Amino acid sequence: MAKNIILFSIVALSFCFFAYAFEPSPLQDFCVADASTSARVNGVACKNPMSVSANDFSFSGLHLPGNTSNAVGSRVTPVTVVQLPGLNTLGISMVRIDYAPTGINPPHTHPRATEILTVVDGSLEVGFVTSNPDNKHITKVLQKGDVFVFPVGLVHFQRNVGKGNALAIAALSSQNPGVITIANAVFGSKPDIASDILAKAFQVDKSVVDQLQTIF
């Protein structure tokens, strides 16, 4: 019995460690981000609590449709610590995603957050790919009111498969989840990744890589 209790305690502590591995719990009521300071910390330095106001905890405009007139036919409107200083140290943020007909939110990852998405309007094909070596593609078509979760760090996407515009709202488990769009990162890095490296990695002719690098 004693061994079981010890084992359970170790497992419980391990889960607690991983749960807080990304963003530890705040040590005060709040830590509103102070954009005026040049202090370098893991996150954003705190504003003087005496100068905090309600505006630090609010954001307006998420009801406004995003402009989807672009190459991928979607627009992400973020509400992270950059837009809402009161999110600092709280480990949460959200986004609005608008999709034109056939629009996509292209394959990307969030290095610091799990994402949970709900469809507000329209129909979305969503999916993510598991890590090597399986690279299993897990995908589903969602309708209005459906919810889907994308595990932290995994490549995922959405595509509008309905007849009209689509809208989704997503929450992320970080005040600053980060985003790495695969095509932009691989073919649009500055400076470029050597085209012969990418040609070998993707098993295509170097001319294909050269063309893609001019696009991104």
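The backbone N, Cα and C atoms fix where each Cβ goes, and this holds for glycine too.
Going by TrEMBL, these are the annotated features:
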type: SIGNAL; residues: 1-21; note: signal peptide
type: DISULFID; residues: CYS31-CYS46; note: disulfide bond
type: DOMAIN; residues: 60-210; note: domain 'Cupin type-1'
type: BINDING; residues: ASN105, HIS110, GLU115; note: oxalate binding site
type: BINDING; residues: HIS108, HIS110, GLU115, HIS156; note: Mn(2+) binding site
Query - Sorted by sequence, non-HIS108, HIS110, GLU115, HIS156 residues with Cβ within 8 Å of centre, Mn(2+) - result: THR109, ALA113, PHE128, PHE150, LEU154, VAL155, PRO177, VAL179
Report task. Can you check which residues sit near ASN105 (oxalate binding site), meaning Cβ under 8 Å from its Cβ, same chain, 6 or more apart in sequence, and list them in order? Result -> VAL72, SER74, VAL76, ILE97, TYR99, PHE157, GLN158, ARG159
Requested in this report: Measure from the Cβ of CYS31 (disulfide bond) and count the other Cβ atoms within 10 Å, all protein chains considered.
Outcome: 24
Query raised in the report: Which ones, of the recorded positions CYS31, CYS46, HIS156, have a Cα no more than 10 Å from the Cα of HIS110 (oxalate binding site)?
Result: HIS156
Query raised in the report: Mean pLDDT for the domain 'Cupin type-1' (60-210), as a whole number?
Result: 96
Report task. If we count other C-beta atoms within 10 Å, could you say which of the binding-site residues HIS108, HIS110 has the fewest? Result -> HIS108
Requested in this report: Just give me the nearest neighbour of CYS31 (disulfide bond) among the binding-site residues HIS108, GLU115, HIS156, Cα to Cα.
Outcome: GLU115
Query - CB within-chain contacts under 8 A for HIS156 (Mn(2+) binding site), separation at least 6 - result: PRO107, HIS108, THR109, GLU115, VAL126, GLY127, PHE128, VAL129, PHE150
**Report entry** Least buried by Cβ count (within 10 Å) of the recorded positions CYS46, GLU115
**Finding:** CYS46
**Report entry** Cβ within 8 Å of the mean position of the Cβ atoms of ASN105, HIS110, GLU115: remaining residues of the chain near oxalate
**Finding:** VAL95, HIS108, THR109, ALA113, LEU117, PHE150, HIS156, ALA170, LEU172, PRO177, VAL179
